[in-house]
Amino acid sequence: MPAKIEKNRCVFGELACFFTSILILMILFTIYHYAPFGNNSLATMDANIQYIDFFAYLKDVLVGKNNISYSFGKTLGGTNAAVFSYYLASPLNLLVIFFSKSNLNSFFDILVALKCGIAAVTMHIFLRERFSVSQSEKSKKVFCYLLSVCYALSQYSLAQSSNIMWLEGVYLLPLILLGVYRLIYYRKRGFLSVAVGLSIIFNWYTGGINCLFSAIWFFFELFNYRLMNHNKDNTNSSILRTIINYTISMTIGICLSAVLFFPTIAALKKSGRGSLNVGLLKDYSFTGPIVSAIEAYSLGAKSSYGRVSLYCGSIVIIGCISFFFKKEIDKKQKVYFGSLLAFILMLFYWRPLFVLFSLLKSADSYWYRYSYVGIFALVFVAANFYLQYMHWEDWFTITKSGVFFAALLLLVNYTQSVENIRWIQYSAVIMGIVGCLCGVSIYLYHSRSTGYKTVSLCLICMVFFECAYSTKLLMTEYHTSDVGKYREYSKAAEEQVNRVQKSDNEVYRISQTSTRNMGTDNLTAYYNESLAYNYWSISGYTSSPDDIQRDLLNRLGYRENGGSLCIVNTSIISADALLGVKYIFSEYPIKGYEKLKENVYNNKSTYLNPYVLPMAFTYKQQKDITESTSENPFEYQNQLYSQLAGKDLKIFAPLSYKRRVNENGSLTYNIQVPKYNHVIYGNLPWNSEFDGILDINNKYKTRYACWLSPSVFYVPTEKGDKEARITVTSSNTVDLKQGDEQFYALDLDTFSEVVKKLQAKRADSISMTNGNVAIHTQAKKGESLYVSVPFDSGWAVTVNGKKVSPELFADCMYSIELVDGENDIQMKYQVPGSRLGAIVSIIGVLGIFCLVLQQKRGKKR
C-alpha cells in the first residue's frame, strides 16, 4: 500500500477515536441535560468553587483586561504565574474566548469532551506505532480503536473531570511513553523531550506525575527490549548508553518548560504549601487491601483511600487476563508483565509510592490523582494480547477470561462487604457478554464466516454501551445542577462591578459579605470572584497563596483556613479601611457604611465605606508592631492605627460580658452595648473544631469553629439596645478557650477623627495598574509612604530614580522612606524566575535542535 494512503488511513483511525469519544459524551450531555444542553454540569466541587472563576479571569487576560504576571485581583495582589501554570496553561483553554462568562459551564463540559477525545487520539497513536498496527489488519485496527476509546472514557477521566487540568496528563502520557519507546528501539530522543516539555507546561502537576512514571516505564521497556532480543546490540554498555540518552532527553524536556516552571516554583515558595514533605516516605504501611482493586473494577466505581478504581471497560481486563492465559506466550514474558502490574498496584497501596506519586504531598482528597497511569498499564497489557499475540484459536481463551473475571467479581461480591452491589453484578454480566462476543467475533473473522460483521458490530456497540453507561453513572455522582443559577448570578455580578467602576475610576478595593454559593450555614469557599469579575479585593482561594498576605489578613481578623484561603464573609470596618476597601457588596446593612441607591444585584446592595484610607498616604514612621499582640485582632488594629497616627490610641475598646453554660451544653454570652457611636464585633478562639452554630443577637446564624467558618463576626444591634446576646450550640462539646473570648466595640467617632487625618495625607497622585505603580507626593523629613501593595520579591522600587529597599508595614505592606520635598516613586514588577526560566528554555530549544541534527547525521551515515 502506498505510504500516503497508509498515512491517510491512520489519520482516519485517529479521527474515528476522537469523534467517537466526543459523540458518546455529547449524547449523554443531551439525554441527561448537561450544559450546553441543560442545567447540569461536570463543573462540580473545586471546579464550581474555583476553576469556573479562573476561566473567567483567563477570558479577561486574553482580551487585555487583566494580567498573568501580576494581578491585584489575587487576594491583596500578586503574580498569577502559578495559578496559570497549574489551572490554565492548556492551549485548549484559549477556546474560552468564544464563551461569555455566564456560559462557562458549557465551556467546561465541552472542554472535558475535547480532552477525552484527544486522549483517545494519543492512545491510538501510541498503540498503532508501538505494536506496528497495519491498516490491512482489520481485527487489530478494531481492537486498537476500541482500546483507545476505553482509555479516553475510563473511570479517571470522568471521576476527575472536575479537576479538568489533570486531564492534560491523561492525553499526554501516551505521547511521553511513545517517546520512551522511540528512544529505546530507534534511538530517537527529540520526541520524548518535546512531549515532556509540553506536559509540564500544560500542567506541571500531572507533568511531574508523567515524568515519574516515564522513568518506571523506561526501565520496563528497556528490559522488555532486552528480554525480547530485538537487537544484537544488547550489551551492558548499550544499556548504559540508552539510560544516558533517556536522562538527556528528560533534562532537555524539563528545560523546555522552564519559562513557566521556574516562575511557578518561585511563586510556590511564597507559601508553606509549596514545601515537600519527604518525611511521609518513612511510613511503610499499606493504604488498604489490594483485593479491593478487583471489586473497584466495575461500573460507576469510585476511588477512595485504600481502594483504587482502574476501570476502563471489560474488553481491557479481558485482554489482560487472556495475556496470562495464553499458553504460547513465554513464561518469562508473563512473569515480567505480571511484575509490572503488581508494581502498578503497589503505586496505589504502598504508602511510600502513594506519597511519591502524590508529589511528596499529603493528598487527602481526590484520591489517586495519578490513577490514569494504572489504567494506561492495563490497556498496554491488553494491547499486547490483542495486537501482538492474539490468534483465531484464542477465541476460547478470550471467552474464558471474560467469564473468569465475571465470576471473580461475583465472588468478591459475596465474600466481602462492598459498595454498589447491583453495579458489580451488572458489570459481571456485561463482562461475560463482552467476553463471549469478542471470542465469537475472532473465531468468525478467521473462519471467514458471513456473520463476522454482525457479531463484530454487536461487540463494538456493547463496548461503547458499557463506556457510556459507566460514564453516565459517574456523571450522576460528579455533577452540579445550578447552571441556570450561575448564569443569572454571573450576569448580575458583572453588571454590579461594572457599575461601580464606571462611577468611580479611582484605585480601591471591593469586598463582599456573601458569594455565589453560601448555603444555609452562611459559609463559603467561593473567594475568587474578584478574578472572575476583574476587581481588586481582599479575598482569594488558590493552591499558591502568599503567606505574607494570608498572615496579615489572619491577624486583622480574617481567619486563615486550610493554608489556602482566609475567611472573608464579613466586613471589619477598620481592617477594610486600612486595606483600601471602598465598596462592599452585602445582603444586610452594616452600621457605619452608606448604602448606595439603585445598585442591588444578586440581593446584594452596594455600600460605601466612608472611612476608607487612600491606597497611598504619608505617615510619621513609628516603631514596628511586634507579633506578640497579633492573636487579638482588635488590639492589633489599635496598635496599627497608633503607628499610623503617631500616637497611642484606642479605636477598639473591650466590652463587658457575662458567660452562661446552659443545660444542653450550649453557651450564652450577654454583652453590654455601649452608649457611644459604635460597631460591635466578637471573636471566640477555640481549642479544637467542634462544628457549632453561632446565633448572633437573634439577627442571623452561622456555623462556627469548623471548616470555612470565620473567627471575627459582626454583631448587629438596634438603637437603644443595652445588651446583645450570642449563643453557641453544637452536637459536640463546645471547646472554646474560656477566658480568651473577645467582644470589642469600634468607636466610630474616634475612628473617624483618625481616618480624616490620614485621608488628608493622601499622596498627590496615585497611578496603580497590575504590575506598575507610580506615585508622586510631597513629604517632610522622617515621613514614610504607606502603599497598599503587599511585599513581593518581584517589585523593584525607586524613589526619585534611586533604587531603594522599602520596609514593611504590618509585615506585609510597603512602607517607603521619603525625602524632604518632592518624591517620585516608581514600582515595577518582574515575575521572579521568569528571566532565568526564559534562558533555560532557550537552552532547551537549542538542545532539541542538537538532537534533531544528530539524528539526521546518523541517518546519512
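For all residues, glycine too, the Cβ spot is worked out from N, Cα and C.
The range from 305-325, 452-472 that TrEMBL describes as transmembrane segment is residues 305-325.
Counting only same-chain residues 6+ beyond the ends of the transmembrane segment (366-387), those with a CB under 8 A from a CB of the stretch are 123, 127, 130-131, 133, 140, 143-144, 147, 150-151, 154-157, 160, 163, 166, 169-170, 173-174, 177, 205-206, 209-210, 213, 303-305, 308-310, 312, 315-320, 322-323, 326, 337, 340-341, 344-345, 347-348, 357-358.
Comparison of 107-127, 305-325, 424-445 by number of C-beta pairs under 8 angstroms to the transmembrane segment (337-360) places 305-325 first. With respect to Cβ pairs under 8 Å, the transmembrane segment (107-127) is most closely packed against 164-184, considering the stretches 164-184, 191-220, 394-412.
In summary, the transmembrane segment (243-268) does not lie against the transmembrane segment (305-325): fewer than three C-beta pairs, each 6 or more positions apart in sequence, are under 8 Å.
Highest Cβ contact count with the transmembrane segment (305-325) among the listed stretches 164-184, 191-220, 424-445, 836-853 falls to 424-445 (criterion: pairs under 8 Å). Counted over residue pairs 6 or more apart, the CB atoms of the transmembrane segment (164-184) and the transmembrane segment (12-35) come under 8 Å in fewer than three pairs, which marks the two as apart. Remote same-chain partners of the transmembrane segment (424-445), defined as residues 6 or more beyond its termini with a Cβ less than 8 Å from a stretch Cβ, comprise 138-139, 295, 297-299, 314-315, 317-318, 390, 392, 394-403, 405-407, 409-410, 412-413, 418, 451-452, 455-456, 458-459, 462-463, 466.
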